[in-house]
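Trainee: Below you will find the structure I want to go over with you.
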């Protein structure tokens, strides 16, 4: 018989009744029923009920057992007494009648319980992550994560992609965030960088003649904490293809992502034939470039109905041609209480308020806006929006470039408050035609709006003849349920176009050569047209596990202050380590 176990704690069935077996695992729950001890023994595979009665020679030791002690138990498998079966457990028809116990690893008093799923302070959970990972929900999430990555790999290989690993120690490059720098001992004063993404390497692979590449790539960004991103590192399904246009990337990747979602959606519908939504349309209709299409609400421009109207606040705004008025329909939201609640919410978001119109019986408009613009204009708004009796609409006015984010938040808030969002499906879409450039208000200059290596629509001619802020790029995202889960583009593979694109963003040719020398050099020796994308593994897993917290699908994450409470990172380096690296700390004054 095996030293520790003949079966796992999830393996025993009726067919094992009468067998003498050994199990090893953790004491999940211990109960004393009239002097008989019941121990739920747990391992990775499941739970088996073990029974120790006072006549057993193991009873004295069993009385000393506590939660999360690791033990080996030996005994006979028997059927549970009639009426005590547990249909929720695969082992729920049987129990182990224990004859012998060996303690393999006692446990100290627990800082957080493993049995049950009660909430606990996050810092405690992260400090004792090894205990937290024993809890069923988190344990299953991590197993689901592994299965999702397996599904990604299988589907990518079915599409003809090859998996390669790119370097982790590389050169620093401006890709939108700070790099994590690694000092070189061999080259004093010089630094490697951990890759923010394998962007240059995957493009170099295409120039090296490899046709289709992918990897599950670790990425590192030294960013300030954000609610929707783990500090430090994340993983992405990284993809690149040669001799492709945008539609070729879509045709290759849409079935991969759809298939992964269908594998793990637990029966929830997944969008087939994803819509293609231009970036500008997404902002206008949904107030975001990652719309939640489960929310049926679409915003509309209703400026004409307020131009020259009796509502002077909007009328005066519309004298400036760049200003607009957008309407957010609210089906079934035509109560004063709801409209006042939305108005208070808007004020809490730092806005002066949220104008509204309610439609009463007979289609008559009500509220301050309706009173100011009159019944004819109110009826025209109702006709445009398709609102009915008992509905409402909310209005946001000003420069759309400044209010679209708030309008999008208001659309989401209305959808949530009125229970319009279908929580039981995954709504996927391509967002296309991103602007190549944007105006950076902080630096007072034109900058890249997305990926600097993307091909501008119109190529070099567009870069030399058009206003940069009007140029669109062959860039695209995948949106799902209000999250951006992937981003990509067709690459700028011509050196003269690459130099011009960076020049517009304020980089001289020599700086481009210095920063991207390897790729710039490769462009001189025959670069194929190529493109690709990167899908966020963590966010996809988060969505499919039904959580909104990325720490619930990650093994050993940092906290929001970018600290690893389990391992004690970051930590101070020793004087010897610093001396070897020729580094002297220059700490800020406290």
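Positions of Cβ are set from backbone N, Cα and C atoms, glycine also.
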Trainee: In Swiss-Prot, the residues 221, 222, 223, 536, 537, 538, 539 are said to bind ATP. Which of 281, 484, 496, 580 is said to bind at that same site?
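Mentor: Of the residues offered, the record points to 484.
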Trainee: Need the matching range: Swiss-Prot marks region 'Aspartate' on one of 187-190, 191-194, 195-198, 199-202, and I'd like to know which.
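Mentor: When 187-190, 191-194, 195-198, 199-202 are checked in Swiss-Prot, region 'Aspartate' belongs to 199-202.
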Trainee: Express in Å, rounded to the nearest integer, the largest CA to CA distance found among the ATP-binding residues 221, 222, 223, 484, 536, 537, 538, 539 named in the record.
Mentor: 20
Trainee: Between C-alpha atoms, which of these recorded positions comes nearest to residue 537 (ATP binding site): 33, 221, 450?
Mentor: 221
Trainee: Counting all other Cβ atoms within 10 Å across every protein chain shown, which of the binding-site residues 221, 491 scores highest?
Mentor: 491
Trainee: Taking all residues of the region 'Aspartate' (199-202) together, what is their mean pLDDT?
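Mentor: Mean pLDDT for the region 'Aspartate' (199-202): 94.
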Trainee: Looking only at the region 'Aspartate' (199-202), what are its DSSP counts of helix, strand and coil residues?
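Mentor: The breakdown for the region 'Aspartate' (199-202) reads 4 helix, 0 strand, 0 coil.
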Trainee: Using a 10 Å cut-off on CB atoms, tell me which of the recorded positions 33, 450, 539 is the least crowded.
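Mentor: Lowest Cβ count within 10 Å among the recorded positions (33, 450, 539) is 33.
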Trainee: What does the structure give for the C-alpha distance between residue 223 (ATP binding site) and residue 450 (L-aspartate binding site)? Integer Å is fine.
Mentor: 17
Trainee: Rank aside, I only need the closest one: which of the recorded positions 83, 222, 484, 538, 539 has its C-alpha nearest to that of residue 491 (L-aspartate binding site)?
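Mentor: Going through 83, 222, 484, 538, 539 one by one, the closest to residue 491 (L-aspartate binding site) is 484.
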